[in-house]
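Notes for the one structure printed next.
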């Protein structure tokens, strides 16, 4: 079953509508089947940050699970020097991810197919990748560059999961040190903001938006809700129940309506069960 | 969509009339694709809700409110009655057919008079429905047209119900055919049989009658009946009884103490006995007397029924109740006739009033059955008790006594005391369920069938009763009986006219009752069904009866005791005890220095102890006893060991000194700690030479090229730390602090107890006594911290997220579930075994990924907590059968399964109904989790649940058939072998790399050394073994992550060597090219359109690549799918 693809051109590069170039990829030299990588230059409207320079970043789709970051770097280095590789589960903008974490404290990664952002050192490599001939597949696992899968990989993973308690302790300590430092900084910042809001000599208060638009102390949603409920309760306490005749009548009416509603619900439930023959005791 | 579970669905109301006609087309129709029947929350308009009520409506609302739990029950009962009532169309059919039959019968021609034993006048193929034994009896016989033909029984009374519509027709034999002395020596019964044969012979030539068959009333061979059906349909049966003219015989001749069969005639031997010493023949007497009275009974019941408007409906409900309990058919049953008589009795004694509704009639009669013991205090409908025999006389002849209005006939003559006790038990259990507001009373009382195999804890069959009762038996007790009661047994046999099973049954039952004693709540036996045979074949012999099944309902606390302590050696009862137990009884001295007779049964492990009742039964009866063994054989002891090790470790954790914060709680969170692990972890000692070593951390690592080392389950436990101001309020910081605690705990455990430990950021592994424990430190505010975030406006918002839920699941819900179920196990000793059997089945049938361990444990817990209409399972086998029944028959679409763990759940159904569409398909509610069903949120999916339901139904069918059929060999593993032909790709694994190979359903041909030293258990210290390394689960996880949206991957976690892959239904639909949906897909370009389809070739190769070393071959069954 060869996938019957209408290749665009008789020349060797295969570009599909949408601008993606198809790069075939196979696991090893003697593989019978190929996956297709879909590559395109990275393009976004609002350029954010310097992590993905627009002219040098290649956007790669459909990276198989056995390709690690290092493997992808190796694969694409045939087109020129690779500066960085970023693999993600879904395409999306780069996210600043808090303080730097060591390998052991990162949450487990998903091992499915990925999308990649390959940043080359020069813009020319981008073009080279995009014009790569379709009949020359990229090979993941070669003799010079073996990629472990299956039992070998799992044993390696198991062995690598060990960490010396001392080393772990060191990681914890350095993180906490860092954390404390950040906390102190944040406190100082808050203090400074609070100072700014105090009256000056002439009785004026300087009102600013503050850092990141945040107030000195975040008020919580729960607190808002509590206040609202307090109000409602206060109102209720003042109300008289069954005091006027019309109120009494209304409660009775509500009661009958309630009974009726229940009756109707039951009737409907029965109708449903009857439709399913749920009353035949045999 | 969700509507698949309404399997027997899809009937529009207009079809109702037509589908009643026959069963076959109904089935066909039921299987057709379901119509959309979905519950929509009621929306009444304002004007509907608030319009002024009429007086009638008010009273109706008031009645439903006051009489029933809710109006639902009333409506349910009405619907049920509508289902069982005969339709007008059916009544017309019956009337016209009986009319035809009556006319035909009245034209039966006369025949010349012959001797009774001369059968030559019966020309043609028709045979006489009677076992002629002894062959000859005196008297003359000739055919003559009947004196009258009348409808009797339930049909004219209006209590006839579906299914199994039987219309009784009484044909009166003209007086000149009979002789008043015919009651002696089976003369009348034989004449009656001859008369029926004569009728059958005449009717055979008519084209208005379909196939004719003989049967006998309540299995009594003396009372044959002729079954007629119309030629074109078999939806009802007309049962022709032949009766003597009313008052032809004197009723006093049939009193229980009278003899009407002479020993001399029956045995053919000359005896010197005088008439007065002949044994009484009460059963024979009542069988003849029963023929004299049906018209009188009909009159009596009609009179009662005309007084009470709900009489017919009440009887119908009672009949449904009896039918669901298999008590309404067979020899000695409590049939519809007795049900109407019972209601009549209650009405005439003013225990119920004429104005009561059907619901109240049912309730009161169950209440009466539950409280009255007819085996001791019989009841009578007789109007003038002076002219009839006293009740005591009946009691001396019969086990159960209920005397008819004439005062001469005991209507419960054939019933055994055991059957009545069963009836009583059922009634009292039903009353309990009815009064319990948390049980769906209607469903458990009237809608759920209770076959014996699913009701009794143990079931066994009698295979060879024949050898048991007639010949002298080697067993001492039978000798006891045969020596002093040999004559008695013969007279019993004479009384039952040769039906040895019924003659011997009471003796067998009393023997069993005596032997089992306190171990059982209830001893039941199946009622042998009425035989049916064609008019052209001979009556079947007594031997041809199917074997009886006996059921035991065990008393949990005593059933498994290995010791039977008897009376003191010198007491007079000792001899009796020795006689009962024979050589097994021996004198023993006990700790309280008493010397008594005692029997000690074999039973080392719980598994063997469970079979003590079997040993008793086999010993007593020397029957071939059929029992279902449990699959995971001995496990209780191992589980206990694990729990002890856990207790020890948690004590040590509590006592640790030098922790910066104190421990507030240590909780187990693993199935092994609630006795429900299928294969509980066993203490092991490792063979170091088998492994590679990680030098720096003194740990073992699996070696490449060797078989996968044995799998060591980490037993999870949660260690809650004290809250303190020092805990940071930041998710990452908390994660690091927890890691610090793991290190700290590890160091202390190593230092103070010399356990080998391995701290990780997420947990701490402890190797202790050959078991691996995984300790996770938890901080109670962490889920809260995970939920909090500050939004753009600086407002602190609390939003639920998956991370927090997962953490709560692991640190709060799982430990809680574990401790709750641990408690349940203490209450019901076989809870754990049922869970393990169930999970083994789920695993074998490849459902482990969908119905998770926790879900399965909860499902089983529901069987114990809400057993209605049964009692809590008392053996693994019955628990397993009920689980299969629950899974396959529960209405998952419309009902939440309520697992009332602490007996404190209230109404949740309405919430459930209102938001049904957004809830999981399998909804399980527990007191801590009323609205979300967190255990089944992810799985099973609609399709998998559907499949599980199907497979469960099939497994149940196979198992029940095997268990109830004594002749088949018992291999329960049949239901553990999944059908693999439904799957698209099979990935065969290399058994060498499957660590749990030894747990496979079928024992593997080759075994591998897996680095375990046998015969000894590791001491504390030493290198850390390979923990939680299972290539199969790692591989499955990778497959699911990579291809989870294209296919389902399932594998038996207990030693399965095949991964079954099923493409998802929509996997091969081509999709437009989207950057977020191109995983493992290839493109197809047509013009400017780009579509993608899965790249199957590459995927199949990926299966190989990703599982290198583990995968043996990938078998693509391309014949099943095309790309």
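We count from 1, first residue shown onward.
Each Cβ is built from the backbone N, Cα and C atoms, and glycine gets one as well.
Keep in mind that TrEMBL annotations are predicted by a computer and have not been checked by a curator.
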Annotated region 'Disordered' segment (source TrEMBL; candidates B:1-34, B:35-68):
B:1-34
Under a Cβ pair cut-off of under 8 Å, which of the recorded stretches B:167-306, B:310-448, B:633-826, B:980-1114 contacts the domain 'Nrap protein' (B:480-623) most often?
B:167-306
Which of B:167-306, B:310-448, B:633-826 shares the most C-beta pairs under 8 angstroms with the domain 'Nrap protein' (B:980-1114)?
B:633-826
What average pLDDT is reported by the model for the domain 'Nrap protein' (B:633-826)?
87
What counts of helix, strand and coil residues does DSSP assign across the domain 'Nrap protein' (B:310-448)?
77 helix, 5 strand, 57 coil
